[in-house]
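Noted in Swiss-Prot for the protein shown:
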type     : residues    : note
DISULFID : Cys4-Cys17  : disulfide bond
DISULFID : Cys8-Cys31  : disulfide bond
DISULFID : Cys25-Cys36 : disulfide bond
Amino acid sequence: IFECVFSCDIKKEGKPCKPKGEKKCTGGWRCKIKLCLKI
């Protein structure tokens with residue numbers, strides 16, 4: 001499972017790719033260079 005390397009607080013479509021307190025991205029989001037990507 002891919003883990004976020006950067007703290008990804010940027011929200012896209014109203015949903016954070018990495019909720020605060022979580023170590024992994026959820027909901028199909030992935031963090032890439034501090035950007036949220038839906039895969």
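In case you wondered, yes, glycine gets a Cβ from its N, Cα and C as well.
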Between Cys25 (disulfide bond) and Cys31 (disulfide bond): CA-CA distance (Å):
7
Using a 10 Å cut-off, grab the number of neighbouring Cβ atoms around the Cβ of Cys31 (disulfide bond), all chains included.
21
